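Colleague: I grabbed these lines from TrEMBL:
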COMPBIAS  329-341  compositional bias 'Basic and acidic residues'
COMPBIAS  343-355  compositional bias 'Polar residues'
DOMAIN    1-325  domain 'Major facilitator superfamily (MFS) profile'
REGION    329-355  region 'Disordered'
TRANSMEM  61-80  transmembrane segment
TRANSMEM  133-158  transmembrane segment
TRANSMEM  170-190  transmembrane segment
TRANSMEM  211-228  transmembrane segment
TRANSMEM  234-254  transmembrane segment
TRANSMEM  266-291  transmembrane segment
TRANSMEM  303-321  transmembrane segment
Amino acid sequence: MGLGEDFISPAQTSFINRWYSPTEMARIGAFTITGKALAGTVGFPVSSYLCQLQEIDGWRLMFYTFAILGGIWIIIWGIYATSSPSKHRCISSEEKEYILEELKQLEMNHDPDDPKLYKGSIPWKSILTSKAVIINLICQFTFNFSEAILSAYLPTYIDQVLKLDLNQNGYFAMISFFAQLIFQILFGIFTDMIHKKDVISGTTSCKLCQGLENFLCALSYLGLGFLANKDHLFLAGMFLVFNGIGTAASVGGFMTAQPSLAPQYAGIISSILRTTAALGALSSINVVGFINKEGTPIQWRTIWIIAASLNVVTGIIFLIGGEAETQEWAKNDETENDKTLSSRKSSTEHPLTNE
């Protein structure tokens, strides 16, 4: 399962960079990651229900159900997906021209079908030593550390601390994901809107969203650790909503910044980020396993404090040094030369220079 998932993110990132302009990055990122929130919203209660059907081996039925859904998705993807707009059979020529023109005019620095783009050496040193890339790695680690705790251990926390039964557990566990489902789309639209209208720079909007994600998630973890218990279920639900809103803000934060740093190397950077994501998830599993021996509120409080601390540190780092602009080492030399020649041509044609 882990091996299969590791192929998804790099391919997804490269696909997005071939289809969408920078002013649509947050929105498409929001719609893309909304699939995961939808899975959490539907998956937890459905899984809880299926697990109770012991007479028909509910545990196995749960896996069979999602395997069938995955198979259906693969068939649909194989029929309709193409690597670039120019190769798609189901969109008009006008739409193809519009998308390709948007990519060129908005400083994407490449035509997605240009074979020259994928030739030449990869600037590994520049990628691995880039401050912006390293900060994104930190954000990815923290995001997946936190997400793994919620995805894998939130039902355990609800059982051990909030003392809810299996059916209630499934519905309560979906609260954070339901909030994500709603607010991810809103954050994506909002971020693209202010980017397109040039209200603030892309970097500034990403910093605002990333700061909101990290600090709001930190608040929610502290709330779950110190205030939520079986006698205060409303507070627990409220902090899970806060967590969902904070997690949703990430689509306008580092997730929007990442493909903008080096569009032509987005797949490579995404692959590196996947490694960091796996490390974050593995770290959270080991942390929870090491601390949570008896499932006491004190042990869970320690886990939530660690998650909150990571988010605070990450938020501060991104606010100080995060970027969402194409890096100098990632710019296409031919494009830069074309811009220079175009600039010179414009200056020679200026009325004052022709006198």
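Note: Cβ is positioned from N, Cα and C throughout, glycine not excepted.
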Colleague: Where, among 133-158, 211-228, 303-321, do we find the most CB pairs under 8 A to the transmembrane segment (266-291)?
Modeller: 133-158
Colleague: What residues elsewhere in the chain lie close to the transmembrane segment (303-321), defined as a C-beta under 8 angstroms and at least 6 residues from its ends?
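Modeller: Same-chain contacts beyond the flanks: 131-132, 135, 138-139, 141-142, 145-146, 149, 206-207, 210-211, 213-215, 217-219, 221-222, 224-225, 253-254, 284, 287-288, 291-292.
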